[in-house]
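Student: Found this in TrEMBL, in case it helps:
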SIGNAL    1-27  signal peptide
DOMAIN    34-112  domain 'Cytochrome c'
Amino acid sequence: MRPGRGLTCLALACCTGLGAAAGQVQAAPDLDPADRQRLIHLVRQDCGSCHGLRLSGGLGPALTPQALAGKPPAYLEQAILHGLPGTAMPGWRGMLAPDEAAWIAARLLQGFPEE
């Protein structure tokens, strides 16, 4: 097992019971239109620099609904905010609030909107 992988697996196991029930996608929190546009731009540009501008993969894995199927929203929110140890995925806690990470996670699971 790679270093850090155990921690990632533990985080996933802990988050499995959180968020939506299996097979359901949580509704994204309500954000005002300006915040939504800012987050769409951030994901398309900043996340897209590793995950591909269409989020279909690049240096980092794809962030499409198909690629993320089965991942709990809470796991994605934690990965967005705190990063993934042992990988190049940084945490965005300094730039994003928890409700913004929840909005991004929900949108990724549903299919991320175009800019």
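In case you wondered, yes, glycine gets a Cβ from its N, Cα and C as well.
TrEMBL does not curate its annotations; it predicts them automatically.
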Student: When secondary structure is assigned with DSSP, how many helix, strand and coil residues does the domain 'Cytochrome c' (34-112) contain?
Tutor: 45 helix, 0 strand, 34 coil
Student: On average, what pLDDT score does this prediction assign to the domain 'Cytochrome c' (34-112)?
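Tutor: Mean pLDDT for the domain 'Cytochrome c' (34-112): 97.
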